Amino acid sequence: MTKKQLHLVIVTGMGGAGKTVAIQSFEDLGYFTIDNMPPALLPKFLQLVEIKEDNPKLALVVDMRSRSFFSEIQAVLDELENQDGLDFKILFLDAADKELVARYKETRRSHPLAADGRILDGIKLERELLAPLKNMSQNVVDTTELTPRELRKTLAEQFSDQEQAQSFRIEVMSFGFKYGIPIDADLVFDVRFLPNPYYLPELRNQTGVDEPVYDYVMNHPESEDFYQHLLALIEPILPSYQKEGKSVLTIAMGCTGGQHRSVAFAKRLVQDLSKNWSVNEGHRDKDRRKETVNRS
């Protein structure tokens with residue numbers, strides 16, 4: 001059996017240069033992430049990792065928060081070089097001293113290496129101590145002029161495979177306003193102005209995924225008119241969401257109970273968007289009334 005290869009990115013660099021944003025970005029890219037890994041534990045940790053998937057990926061922040069960082073990191077990296085089945089890279093995040101000082105002041109943090117409390121002195125000492133590690137790094141990113149969003153985009157371009165770099169998933173869901181708006185929704189649309197199948201006895205206990213309800217909802221002229229305007233609004237903005245580095249866009253369609261109208265609209269929207277995008281369909285409250293009746 002061919003041994004699976006472990007892909008590791010060691011995230012390090014200057015304090016305040018963006019390591020927190022970086023590790024969150026790697027998580028979005030499908031990496032298993034750990035923040036503040038003591039260097040001495042790294043080889044043992046990698047040995048204990050159970051590789052369950054092809055080409056597993058890890059991203060670990062290793063920095064000066066560990067007191068033994070400067071004394072241990074070189075020996076650890078030498079050991080990793082000789083470890084079979086491991087492909088590892090070092091990502092070093094840097095920024096200009098002036099920008100780092102501004103970031104420390106903005107967060108009201110003191111620099112851990114500034115014995116006298118002067119942030120700039122701590123930064124200069126840190127830069128001197130990290131110089132050998134920076135020279136070893138395969139990827140050095142200067143975040144001086146980067147916003148968090150721009151840093152995420154930069155890392156996605158450098159560490160995603162081609163399929164991931166182009167990935168963008170749309171979640172289309174239905175819900176009932178009476179149960180609350182989904183907290184993770186990016187776009188919310190209200191279809192409560194449309195005729196409600198609930199008031200037709202033969203349709204009341206069905207849902208928008210059932211053909212009779214779907215046809216009833218979508219065959220009304222006002223439904224078709226609204227849907228065409230909805231599609232014309234959504235389709236042109238999807239590339240912009242993708243360009244900005246958003247990995248998941250959640251579109252929520254709501255009606256009163258989330259059983260009929262919103263379900264039908266979500267179903268149709270999925271059918272159309274799926275022609276050009278990766279789309280998942282979900283109906284949060286579709287069966288809620290049925291479950292309530294069964295419990296009573």
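For all residues, glycine too, the Cβ spot is worked out from N, Cα and C.
The feature ATP binding site is assigned by Swiss-Prot to GLY13, MET14, GLY15, GLY16, ALA17, GLY18, LYS19, THR20, with sequence analysis given as support. Long-range Cβ proximity for LYS19 (ATP binding site), meaning a same-chain Cβ under 8 A and a gap of 6 or more residues, is found for VAL11, THR12, GLY13, ASP35, VAL61, ASP63, LEU93.
DSSP assigns MET64 (GTP binding site) to coil in the three-state reduction, placing it in neither a helix nor a strand. All chains included, 20 other C-beta atoms sit within 10 angstroms of the C-beta of MET64 (GTP binding site). Summarising the annotation, Swiss-Prot assigns GTP binding site to ASP63, MET64, ARG65, SER66 and lists sequence analysis as the type of evidence.
The residues near the ATP site, meaning same-chain residues not in GLY13, MET14, GLY15, GLY16, ALA17, GLY18, LYS19, THR20 whose C-beta sits within 8 angstroms of the mean position of the site's C-beta atoms, are ALA22, ASP63, LEU93, ALA95, LEU100, THR143, in sequence order. In the three-state DSSP assignment, the secondary structure recorded for GLY13 (ATP binding site) is strand. Taking the Cβ of GLY18 (ATP binding site) as centre and 10 Å as the limit, one finds 24 other Cβ atoms among all the protein chains shown.
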